[in-house]
């Protein structure tokens, strides 16, 4: 481990100790009012952290965390009001305060995240949930106290000082857990989903499931915070479950700095505490000020106050690339890919018509044809079973109709996009880790020091010099390097069938030759099946064994390199004469 | 009979209140969370006309002008840098809404305002006495809807707006000043929203944050309607009726959330909503 890393660890540990001391010793020197306010603020800060994990890290703008918080607080208050304050009732209240919001969050997650849902849809749902929750509370009559809330129920008899300590300890504990998680291998998935959902899905990551799980767990955390508040504040009111409180959480998170962990905590503590202090003297001006600062921040400082702190180059020694043995491929008989009568149309426009194709192990098939011939559309149909098509596509004997991309990747299909598609804000090493996550279960706690990759993926990295840039942010790579990185990521999936859409576009001649060599090795030596879209007929001639020619959505030729390249038909198509 | 009238008038009110948000989302694909503030502004225009002792109907042109000017400023200063960040645009406009709400509070106080109603009395509809104003709302909604359709299909601004909706890059390449179309749309949408705020005054209590209650319902209706006026009209009628039905037969409190819940479910089952119906 490098000195720098030890140093930053030491700094964090010191910070942690300081926080712990402040939280434990705070009641000794804080006045009663400040202590009560800060107890509440710290509970809110837990919520802000959940908002931040969802929005700042994963890109799901949510106004709904207040609903789960309210559900937890009301579950607690209702149990204690209606059943009484015996020890077993506190246990019951605690269990329900976590269980109900967890279940609710799972339901909301299922509703919000599904194949083809836009990010906006999750936001829409997150607006509806707190509204429903508030209306249910209003409609609850005696049991929920309706608009006046519940008050005067038995609470944990800790005293104000210990409530302060409890809230502080929970906040620090959850903050540490969140810190460990977002830095772990699994935690990189959140940022990957935020950066490039499509690439994540095409690496076999179950994007929607990850989001649902995250929302479920964080719903439970919000419920726990609700339990704390119901005990510390000794009252619950409908506002805490409402949409306006939900937006407030987002504002605190944004002002402190989304995508950081300290930012939202600092933002919440600072604003809630200042607000309580100042709102007595200038009630409306304070809100006005917060609103105005918020607008200005969103416009000019989207990263919040944390954006003022320069980003540390925190990465120490780069991880180590280790070649792992390639998986033994099941020696199943039959073709890797079999396409029967594939057709695809948009209304009356037929993009693909009655395509039949079989691709076997060890074959490198080039798909050529002029622009608009339907090549990329065909790739999309092969890798996304939810595309409406006619005919059938089977991969390794399995019909892929209706399967989402991540399932097809897990069947053994890797796809490289036409435009280089990587995770811009992650490092090269993290991009490669993500490529392996559908195969090697990632750790929730640790960040691995070694990245195990199949040999051909390492070859690509070596040949392009990317192996020396593992700590570089992927967004800063050159176009050619991004192409190579994406190719290495796809190869790291060890797919039976590799789909490559112009992998050499924008590369230099030397780089093309290098990629060509890798492709030949993948198909020839290692037995992968490869389908390659390529315009450069010289390149195609060198690397492929078979060429398929598409023209106006139909397959017009399927033959060996010699047959196709020298045919008059191909010349005619490329010179435009066959359009008539 | 009352139920039918209630449903129709509720649909009409929903349509009037949503129309400003709809214009802005339909053309700009931006969700204007300051919409609630525009409604509030409009309602307070009525407070001003009352204080001046003139007819409350004069609040309409006043709201139109104030809404338009503020809408223009908003587009210029807040929304324009955020077209590429639509989620951030939601947040920035929400922040703006807070600012406007607080400014109204500073100017007029936070209490509920008493305002003379625009129109009193009832009309006899097939043997049922019914509020004349709620019936007028139907006429106003029809007028706005017709105005939209005509504006989109018959005017030059409508044509360019449609071009921007379909393909902004191409529209710009053809020499359409898309920045001006956006500005005009945002101004008009804000002005219409402020007028809707005036029209709301007889139906709801007027306080600085009155718009927030309406915001979510409007937002959901616009979400299921996309860029189609007909879809918005249909959504208002269907969900307005559902709201009245739930409010009457189940519970008035649950009726208040009917629109939002049904819209959310509809988007889950049919992501395009009513667009294309």
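Cβ coordinates are placed from backbone N, Cα and C, and glycine is handled just like the others.
Looking at A:160-182, A:252-274, A:321-343, the stretch flagged in TrEMBL as transmembrane segment turns out to be A:160-182. Of the candidate ranges A:203-229, A:365-391, A:392-418, TrEMBL annotates residues A:203-229 with the feature transmembrane segment. Among the ranges A:120-140, A:435-455, A:456-476, A:477-497, the one that TrEMBL lists as transmembrane segment is A:120-140. Per TrEMBL, the range carrying the annotation transmembrane segment out of A:18-41, A:42-65, A:66-89, A:90-113 is A:90-113.
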